[in-house]
Amino acid sequence: MELLHSMKSEGHEPTVVTYSILIDGLCKNGEIERAVELLHSMKSEGHEPDVVTCNILIDSLCKNVEIEKSSASSGTGVGGECKETFLELQRKKTHRYVVFKTEEKKKEVVVEKAGGAAESYEDFLASLPENDCRYAIYDFDFVTEENCQKSKIFFIAWSPSVSPIRAKMLYATSKDRFRRELDGVHYEIQATDPSEVDIEILRERDH
């Protein structure tokens, strides 16, 4: 941490990248608690940690088995309604999209909203909170070069940069398990702001 203090004393303001490198170094040395303290210090100084920084900490917590304690207290089960609603979208085309949230009190992922088949992509984007994480699936229709109508299901891990650290870690560590419950997803997108889930990105993935 002497390097960080030296930078500040010389008038050099550390950036998110600087903090990320320092946190990575602490984690590699097994100094997880100091890494978490630095993360809090980073936020208090107005630097919002990015996905890379959070993933570094998550990986270190997993390796130190500390994540098991977090999962036990926060819960990452999957509600039966999630699978049922997904199948309604996949097989019956009842929904255009489904948004899921983690209910800590219920200790499981639940359906927050199911958008009707006629709803637009703009309606879907409007259903994603600006300051909290969510999982979502979207049934994207498109026409192939051979003029065939097809659809692909996208899984979207929504994690805005302004989301609470606890939420980011909870959703990140539960993502793979939850997605495995949704058999039939074609593509995955991890996004931190609306530009990363622009409809053009979905079109590019389909071609």
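Cβ coordinates are placed from backbone N, Cα and C, and glycine is handled just like the others.
These come from TrEMBL:
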| type | residues | note |
| --- | --- | --- |
| DOMAIN | 73-207 | domain 'ADF-H' |
| REPEAT | 15-49 | repeat 'PPR' |
Exercise for the section: Within the repeat 'PPR' (15-49) only, compute the mean pLDDT. Expected result: 80
Exercise for the section: Count the residues of the domain 'ADF-H' (73-207) that DSSP assigns to helix (H, G, I), to strand (E, B) and to coil, and report the three numbers in that order. Expected result: 48 helix, 45 strand, 42 coil
Practice task
Could you tell me how many residues in the repeat 'PPR' (15-49) are helical, how many are strand and how many are coil under DSSP?
Solution key: 26 helix, 0 strand, 9 coil
